[in-house]
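What follows is a set of notes on a single structure, which appears directly below.
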Amino acid sequence: MPNIPDSGPIPGLDPTLETERHTQTSLTPTPVPAPPSTVSKYYYFAYGSNLSPTQMAARCTKNPSSSKPLAIATLPHWRWLICDAGYANVLPPAGLRVPNQDSEPAHEIPVSGSEDTVYGVLYEMDPRDERILDMYEGIDVHAEESDGQFVDVEVRPKEQGRGSYNKWFVNVGAVEWLDGREDPTTEVKVLVYVDENCVTLSVPNFEYIARMNRGIRESVQLGVPQRWVDEVIRKFIPPEDS
């Protein structure tokens, strides 16, 4: 092929533009931004039938990791109960309650066992699966923002409204990380579903008993103390063989 001599600058074209064009093509391409994280900045604290990873796997259909149990944790000085809706509920400690949680029926809820704590299983939720759980728990997505009069808005961002539960965010200490990745004393932020309205002691709905027994069985295998289950949950949930 014959050599074609350089024809020099193109007439009418600013030489500096030609230089910039060559310079730009030699630059390293701008990296594509990483996709947004699919993990929340907090864990989900399960204390009812979602103690069962089997149930969580059936509900959390967007990301399989959402149903993987990561740790056993406790809510010190909270109280576990079956409320008048027929499902599990927890009562926050004194000083962290809205008025209905300080009512006479609420004062009848006993201390949760000799340790005065509520045990639960932590899951790391994909936000898409969290939205699915919100539907299962009956969260009112149109509820008003909390004014923080009784409980700080960082703990309780919204009112319960017409929902069956409300979303609370508190710090807990993990008793045991199931993958051994962190110091058990590490404090983490968790989401807890709390029914602020149904705080009267009651009995479980019939269909709930089997699901709770599965949650008990699977969570004890993970590390929830059997003694705590016997002291607290068994007051409300009869064993499978009874």
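Counting starts with 1 at the first residue shown.
Each Cβ is built from the backbone N, Cα and C atoms, and glycine gets one as well.
Going by TrEMBL, these are the annotated features:
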- 1-34: region 'Disordered' (REGION)
- TYR44, PHE45, ALA46, TYR47, GLY48, SER49: substrate binding site (BINDING)
- GLU137: active site, proton acceptor (ACT_SITE)
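Other than the site residues TYR44, PHE45, ALA46, TYR47, GLY48, SER49, same-chain residues with C-beta atoms no more than 8 angstroms from the centre of those residues' C-beta atoms, the substrate site, are ASN50, LEU51, ALA88, GLY120, VAL121, VAL192, TYR193. Cα to Cα, the residue listed as 'active site, proton acceptor' and TYR44 (substrate binding site) are separated by 13 Å. Mapped onto three states, the DSSP output places SER49 (substrate binding site) in helix. For the binding-site residues TYR44, PHE45, TYR47, counting C-beta atoms within 10 A of each C-beta gives the highest total at PHE45.
Here the recorded positions are ALA46, GLY48, SER49, GLU137, and the one ringed by the most other CB atoms within 10 angstroms is ALA46.
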